[in-house]
Amino acid sequence: MEVERLDYTDFLNEAPGRQEAFVQHLYAALSRVGFAKITNHPIPESVILQLFAWTKGFFTLPLEHKRKAAHPPQPNPHRGWSCIGQEKLSVIAQGKAVLDLKESFDMGPGDDELYPNIWTDEGDLPGFRAFMEDFYGRCQSLHLQLLSAIARSMQLPDSYFAPLCSQNSSELRLNHYPAVSRHDLTTGTMRISSHTDFGTITLLFQDSVGGLEVEDQTRPGHYMPVAADDCTDIIVNVGDCLQRWTNDRLRSANHRVTLPRGLTHGMVDDRYSIAYFGKPSRDVSVRTLSALLRANEEAKYREEMTAWQYNQSRLLQTY
């Protein structure tokens, strides 16, 4: 089974037949695997290439510069630079800590008064902040467009999910997986351990190194590689909040980053990826939505919990 690759120009096309085909293929991919690939989307190739260049530029800064933007030792605010091993996603998936071999940088919306962003000095990497704030905005626009496609695929108005995400709390994360020996990745150490994402949908940009795998939802415990064909492709995956809203019609899939398949010896190259974690407004409920219940179907997620409360409950396990 492979992750389906969809042409986004079909959704932007004025011909209703092409739009309908796109939304139905998107729903089929997300309901079957939890993942899809989007090509020919609105974010230009030149911007994505700059994105990877800025990401590499940040992670190659001297340690003392990155420490100026250090993530606090506690889970919140989920902002700034995290060193290797600071975040332990394996605690969520397995109930035990296994070192995740990555460093990361997290940011949210520029107008977030509750959790303001944490930046290194402008002089350390001039232009970095301005580029990332612009890129964040591009991702938020695409996030809402894709939610409109998902709404339409489920026979809801295109704008159905928009009010649930009106107070933006989404996060952009830059990831760097340092070069590591093949031996280290065959002895239980993951580049990033198996986990699901917390929010609505995630937009993932990855380089050509590979190693991303997604669990086959029809065969728990079996993982399949997500090919790193083109860094301009966007990998879209379902998050926990969308799973809860849809009463498991769309399910968040476990995924991890490990040894690229086919590599038999030597070193695994540095890997860079960027993830935009689309999220609901913090005060929005993550109970199952009544509009998404089929006839005679009971809601699986009935407890009253806001998106912020759910996000915090997950974050507390990772730091």
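Even glycines carry a Cβ here, placed using N, Cα and C.
For the Fe cation site, Swiss-Prot gives His195, Asp197; the one candidate out of His143, His176, His222, His255 that the record lists there too is His255.
All protein chains shown were included, and the count of other CB atoms within 10 Å of the CB of His255 (Fe cation binding site) stands at 23.
Taking every protein chain shown into account, His195, Arg271 are the binding-site residues, and of these the Cβ with the most other Cβ atoms within 10 Å belongs to Arg271. Within 10 Å of the C-beta of Asp197 (Fe cation binding site) there are 24 other C-beta atoms, taking all protein chains into account. In this structure the alpha carbons, written CA, of His255 (Fe cation binding site) and Arg271 (2-oxoglutarate binding site) are 16 Å apart.
DSSP assigns Asp197 (Fe cation binding site) to coil, not to a helix or a strand.
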